[in-house]
Each structure stands twice: as structure tokens, then as C-alpha cells.
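For reference, the structure is listed below as C-alpha cells.
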Amino acid sequence: MPSITTRLSAGVDDALTHLPLAVVPLVIAVLDAGKIRSVLAFDGVHVGIRFTLPASVLSTWSFVSVPNDGTVSAGIPPSALAEPSVLALAVGGLLVTSALAAGYFGSLANALAGEPYRFAENVRRYLPAFLVFTVAPVVVLSPLVLLAGAPSAIGIAVIALALAGILVATYLLYATPYLLVLRETDLLTAARASYALAVDGGAYLSYALGFVAVVVVVSPVLSAITVSVPVVGLAVGIPVGAVLGLAGNLATMRFVADIDPESDGFDRDGNRPGVHSDGRRDAGDDGNNGDDGEDNTPSPGGDDPHQWKE
């Protein structure tokens, strides 16, 4: 299998080829007003480290450590429960984020298959699944945010348990959004497939560790630029982070397609075996390679990440 650096290098090449898709991580970063306020309010030099897995749309905030004001957030502020207008705004934000993610991940697969981006079609098709995938962590974490404000010992214990739970869940499920669109399946099936790959370890675990390691190297530099340089840092950091995020998501889409036995990989020319440019499969092709009795597994071609298939 290609190394993580080889895969991410190919991801950067793919991202530069499909720059219009970087609009999605850019918009998602801009919509996070809380983080932007934290950066603008900070005065000084800030160098932070992020530990990120590619389990969602990767934006600037996936690579930038934002100065902490001492509060813990699950995505919806506690004040939203008492103010209907704030609650409506928060729920609307989750809906918009889910729609963007649905169109984005579907379009990533379109891009790597050499197909036109079918963003609107992907939103219609995958929005329910991505909405659940986006909202579920908020629902689970919201009560923990309230408990985190309890007396210090209890609050620290709750935060520690929550962080451990988030780490484990993110590892187990980071392939879910990719499998959703690669297999063209439902959320539960995709989550189960991601869990199976995670438990098996192997390439799935190696990729996760490698991805986190790369983010650990990149995040101090991007954090310092974005946070420490007034205004200009945001103007530079947000678009740069959007392109890096697109590269990471594209690299992970290729990787998941390679290791998932029920997904068609992408060849060097940006095609998926048995899939036409309009997304139609060949007659009799159910999307599972090898069911016709033939060996359709590409031969290893050196270190080319576009040809490997486990």
C-alpha cells in the first residue's frame, strides 16, 4: 500500500484539479462564527496542535487550534434552549452543514470517477443520512456539556470520558461518509462497514495514525499564521485550510475505495470500473468486484496510490 505521504500528495494534486469543491470547506469554516470570534478576540502569539481524523468535511478548523475561552461546546449553545430564535439558528446551521456535506462527499466520488459534479442530486440523495450523522454527536454531547460545568472533579471526569468516547467513535466511524457514497447505501450499513474495517485494523488503522501525524505537523504552522496574524491570518488561513481539507478528503475517498471490498476503486484516469461518466453501471454490475468469477483486482503498480486495491 502507498504511504500516507504518497496518498496525501496525490490528494493535493486532485484538490488542485477540483478546486471548485474547496468552496464547501471554505463556507463551513466561515459559518463557524464562534471560532472566528475567538481568533479575532485573541491578542498575542498562539501555536497549537490538532489531532484530526478525516471523519467529516475537513476545513480550516480541522487543522487550526483556536484559543480556548474556557467553555465547552457541543455545537449548540446552552442559551439556545431558552431562546427559540437562537435554537432555530443553531438547528438551521446543522441543516445547512449537513446539506453541504451530502453534496460535497457525493461530488468527491463524482470527481474521482471523472464524472461531472452532481451536487444538487447528491444533496437530495444523501441529506437524510448526513443529517443524522451530523446531529447525532450534538445530541450525545449536549448533556455532557452541561455536566462539564459541575464541580471541578466531576467536570474533569466528564470531559475526560467524553474525549475518550469521541476519540474511539471517530476512529471507528471515520470511513462512514465515504462508504455512504461509494456503496450508495444507507447510513447504518455504511457505519457497520466502517466499524468492520476499524476492528480489522491493518491499513485502516495505519492510515488513521498517519493522517493524525500529518495534521500534528501541519497544525502548529497553520494555527500560528491564522491566529497570531491579525485579520490577515484569517484571510490566508481559511482558504489555505479549505484546499488542505479538500486534499485530505479526496485522499481518504481514494483510500477507502481501495480497502473496501465492496467499493470500486478509482484508476489513474479518474474512472471507476464498470461505471459510465453519467454514473450508470454496466449491465449486470451490482458494484461488487469479483462476483462474476473473474479476478478484477488491479495489479500493484509500484507506489501509485491510484492503482492499489486490497
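Glycine too: its Cβ is placed from the backbone N, Cα and C atoms.
As given in TrEMBL:
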- 15-33: transmembrane segment (TRANSMEM)
- 45-66: transmembrane segment (TRANSMEM)
- 86-105: transmembrane segment (TRANSMEM)
- 126-147: transmembrane segment (TRANSMEM)
- 153-174: transmembrane segment (TRANSMEM)
- 195-218: transmembrane segment (TRANSMEM)
- 224-247: transmembrane segment (TRANSMEM)
- 264-310: region 'Disordered' (REGION)
- 265-284: compositional bias 'Basic and acidic residues' (COMPBIAS)
Residues from the same chain, set at least six apart from the ends of the transmembrane segment (224-247), whose C-beta lies under 8 A from its own: 8, 11-12, 14-16, 18-19, 21-26, 29-30, 36, 39-40, 42, 44-48, 57-67, 218
Of 15-33, 86-105, 153-174, whichever stretch has the most CB pairs under 8 A to the transmembrane segment (45-66): 15-33
Surrounding residues of the transmembrane segment (86-105) on its own chain - C-beta under 8 Å, 6+ positions past either end: 21, 24-25, 27-28, 31, 56-57, 75-77, 79-80, 119-120, 122-123, 125-127, 129-131, 133-135, 138, 177-178, 180-181, 249, 253
